[in-house]
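> This is the structure I have questions about; it appears just below.
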Amino acid sequence: MIALQFGAGNIGRGFIGALLNQANYEIYFLDVNENLISELNKRGSYIIELASEKKETITVTGVKGINSAKQTDKVIDLICQADLITTAVGPNILKIIAPTIASGLKERFKQSVQPLNIIACENMIGGSQLLKEEVRKSLTDEEKQKLDQYVGFPNAAVDRIVPLQTHEDPLKVSVEPFFEWVVEKTDIKGSLPNIQGITYVDDLNPYIERKLFTVNTGHATAAYLGYFKNIETIDKAVLDPFVRPILEGALAETGDMLAKTYHFDRSEHQKYIDKIISRFENKQISDNVTRVARSPIRKLGANDRLILPAKRLMEFGQKPENLATAVAAALLFDYKEDQEAVELQEIIKTKGAAAALKQYSQLDENDPLTKLILEKYEQLIKLK
Ligand SMILES: NC(=O)c1ccc[n+]([C@@H]2O[C@H](COP(=O)([O-])OP(=O)(O)OC[C@H]3O[C@@H](n4cnc5c(N)ncnc54)[C@H](O)[C@@H]3O)[C@@H](O)[C@H]2O)c1
Ligand SMILES: O=P(O)(O)OC[C@@H](O)[C@@H](O)[C@H](O)[C@H](O)CO
């Protein structure tokens, strides 16, 4: 069986690749990073190290690399043969890889009616369905019908903390022991891929929202406030006396929102929150706040981990004081090596924070949430 994994980065190698290898797939990593690709082809394997006391290692074998920017013909040929396609490239990259996937599917439809599933493993709601819409843009009506008939785009939630890697070995990847991969059954074509570690569910929404609005909301809160306090790593940020209460407060707020939305048992959800905070405290992982805070424009998006839960809480009549503080801290994230942070600061400098919330979070100036965020923003500025 052949699996194509778009993105040979931290999660691609540190999580998806490991499970695909254990399920006996021949894995082709498709990436634009030539160094990664040549190393994968030179060695055909790589090491995963668990960030635990014992530092257990896993060797992932049977891997090859393709530079998807230069070897388009090979990518198209592989898409014709593939049994499964997965992605971990970043939400903003899905629209960039979609035309290549479409070109491959055009060829596949000429020679095969084998079902194929394409699973976007990105930190966003509806990633696979967004990729499907992008792929459809390059297809004829007849090809669109075949897409609907033979190709599944099941949404997924993936959870494993994989920080930036600092090993001499460019393929070695250190990861936390915990992992969770939840895939929605409904859009699967053919039989469910037999991959140990995947949990198949009928409705992904409760799972992706619980993950995104607990793990990623907590992570973003700790990262932006940690950066505000000049703290370098997440494990230190979550222990800081200024950051910790806001982190716990923000997760209490999203916990209330999720419980009201999905009727979760609140005490059970509190155990999920506590587990996640203990993952953040893991001293075996050195996770820079600048990685977790990366792409602030994406993270300030209307449907992302800070704004959506805050808006939903307001609709429930609850003021998201702590989430508003996290958003305010995101507006102060001015890390010069992060292109989105540079763009965000430019907008704030030239048009003001309210304009940035309007442009990036679709929040109107008169929205009560905007007012609350700007209040917190002014408070943080006074503390600087
Ligand atoms: N790192 C984590 O802890 C983690 C955990 C869960 C989910 N995620 C999600 O997984 C996705 C990837 O995150 P990551 O941390 O692995 O990032 P990463 O930067 O380590 O990996 C992304 C990879 O995609 C490659 N890429 C970029 N443009 C490409 C293109 N056009 N074609 C092919 N490859 C391309 C990059 O070269 C890079 O190797 C994101 O959606 C992220 O939110 C990350
Ligand atoms: O990957 P991002 O940029 O969406 O978010 C940064 C981190 O919160 C994220 O990578 C987490 O480590 C991951 O989602 C844990 O499952």
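Placement of Cβ uses the backbone N, Cα and C atoms for every residue, glycine included.
The model shown is predicted, which means the values in this text are computed figures rather than measured ones.
Below, the features straight out of TrEMBL:
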DOMAIN    1-196  domain 'Mannitol dehydrogenase N-terminal'
BINDING   Ala3, Leu4, Gln5, Phe6, Gly7, Ala8, Gly9, Asn10, Ile11, Gly12, Arg13, Gly14  NAD(+) binding site
DOMAIN    203-380  domain 'Mannitol dehydrogenase C-terminal'
> For Ala3 (NAD(+) binding site), which of the three DSSP-derived states applies: helix, strand, or coil?
strand
> Calculate the per-residue pLDDT averaged over the domain 'Mannitol dehydrogenase C-terminal' (203-380) and state the result as an integer.
97
> Starting from the Cβ of Gly7 (NAD(+) binding site), draw a 10 Å sphere and report how many other Cβ atoms land inside it.
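There are 27 of them.
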> Under a threshold of 6 Å between Cβ and any atom of ligand 1, which of the binding-site residues Ala3, Gly7, Gly9, Ile11 are retained?
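Near the molecule: Gly7, Gly9, Ile11.
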> For Gly9 (NAD(+) binding site), what is the secondary structure by DSSP, using just helix, strand and coil?
coil
> When a 10 Å sphere is centred on the Cβ of Ile11 (NAD(+) binding site), how many other Cβ atoms does it contain?
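A 10 Å sphere around the Cβ of Ile11 (NAD(+) binding site) contains 27 other Cβ atoms.
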> Long-range neighbours only, meaning 6 or more apart in sequence with Cβ under 8 Å: which ones does Arg13 (NAD(+) binding site) have?
Phe29, Tyr46, Ile48, Val60, Leu171, Val173
> Count the other Cβ atoms sitting within 10 Å of the Cβ of Gly9 (NAD(+) binding site), across every protein chain shown.
19
